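J.: First the structure, then my questions, so here it is.
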Amino acid sequence: MDSGITVRALHAHAKINLALHVTGRRADGYHMIETLAVFTRFGDRVEIELADSDGFSVSGRHASAVPLDDSNLVVKARDALRQRAGLQHAPPVAIRLEKNLPVASGVGGGSSDAATVLRGLAETWRLDLDEAELARIGLSLGADVPMCLTAKPLIARGVGDELSAVPGFPALGLVLVNPGIAVSTAEVFNALSHRDNEGLPPLPRSLDFHSIRNWLEITRNDLEPAARAIQPAIGKALSVLNKAGAGFARMSGSGATCFGLFETGNVAKRAAVDIRSRHPDWFVAATRSMTSETDAHGQD
Ligand code: ATP
């Protein structure tokens, strides 16, 4: 089953919800959403190597915030793929995770790690799985895993698993800011006052920076008011992004990470340097979003 490549070094992209409307709640308690999501070049990194026995290690700035046992989504993804593919005897692998994304922060780090492991292992083990089967295994790990498997601009509906690609969506300059706080997704959803909001308006016909910014102005992140009430520092992160010149700023997912939109990658970089100098303890990253054409998860 050796694929010929000894070490696979893959990207696990951050997921940014540019807009997120909560449209209802299912009988099983899951919330229905409509979200426009993009994925950034900045993210975690995953290395997969065939080994004598299974191993898992974590390094990076946010390593201490993730579990090392089989509750880690990386390990869950490995085990789920082995089991679902009927491959209990698939060769052992050493998986190394570089945790660059803040944890429990609304950028889907765990889901993205899981998606990257599914992709990387499917190649390493040379599995003949189609996208739908991979997405089904992903969904068993978390509602956001299927979208992280695509890592391309998309609109997600349902619990986040009904995906429509948005071809032609441009690469956006983004600055991600987290004031060093973790937010529990469940706590934010529980604190919602309205759950039956209208869906997203139709996307503008022309997908340029200005039309996208204007469109964002008429959308919301319905989780933001609840998250800000739980963690007021989110409001501070948003005002810092606005002061640094963001054309638009909003919280991603259930927070607390916020994004600022910038017209070019260079302007985003300058803003990030400025924010970092004022808030050296915060997580601050300048990055660009992936387009439908960018090579998601790309091997280094
Ligand atoms: P979402 O935006 O999908 O709600 P998030 O960014 O808010 O996700 P994650 O960083 O994915 O949240 O972490 C959620 C929980 O999952 C944390 O409590 C963390 O302990 C656990 N977890 C397990 N594996 C991982 C992983 N590889 N990376 C991050 N968190 C993980």
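Each residue's number is its place along the chain shown, starting with 1.
Using the three backbone atoms N, Cα and C, a Cβ is placed for every residue, glycine included.
Where the annotation comes from TrEMBL, it is an automatic prediction and has not been curated.
Found this in TrEMBL, in case it helps:
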type	residues	note
ACT_SITE	Lys15	active site
DOMAIN	72-150	domain 'GHMP kinase N-terminal'
BINDING	Pro102, Val103, Ala104, Ser105, Gly106, Val107, Gly108, Gly109, Gly110, Ser111, Ser112	ATP binding site
ACT_SITE	Asp144	active site
DOMAIN	211-277	domain 'GHMP kinase C-terminal'
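Show me how these features fit into the shown structure, please.
T.: Under a cutoff of 8 A between CB atoms, and with a sequence separation of 6+ in the same chain, the neighbours of Lys15 (active site) are Ala37, Val38, Phe39, Val107, Gly108, Ser111, Ser112, Asp144, Met147, Cys148, Ser252, Gly253.
Residue counts for the domain 'GHMP kinase N-terminal' (72-150) under DSSP (helix as H, G, I; strand as E, B; rest coil) come to 45 helix, 6 strand, 28 coil.
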J.: Taking only the residues in the domain 'GHMP kinase N-terminal' (72-150), give me the average pLDDT of this model.
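T.: Taking every residue of the domain 'GHMP kinase N-terminal' (72-150) together, the mean pLDDT is 94.
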J.: Return the residues near Gly110 (ATP binding site) by Cβ distance under 8 Å, restricted to its own chain and a separation of at least 6 in sequence.
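T.: Result: Val66, Asn72, Leu73, Val103, Gly142.
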J.: Are there any residues in the same chain, six or more apart in sequence, whose C-beta is under 8 angstroms from the C-beta of Gly106 (ATP binding site), and if so which?
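T.: Residues satisfying the criterion: Asn17, Val183, Thr185, Ala227, Met251, Ser252, Gly253, Ser254, Gly255, Ala256, Thr257.
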J.: Using the CB centroid of Pro102, Val103, Ala104, Ser105, Gly106, Val107, Gly108, Gly109, Gly110, Ser111, Ser112 as the ATP site centre, which other residues of the same chain sit with their CB within 8 A?
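T.: Neighbours found: Ala14, Lys15, Leu101, Gly253, Thr257.
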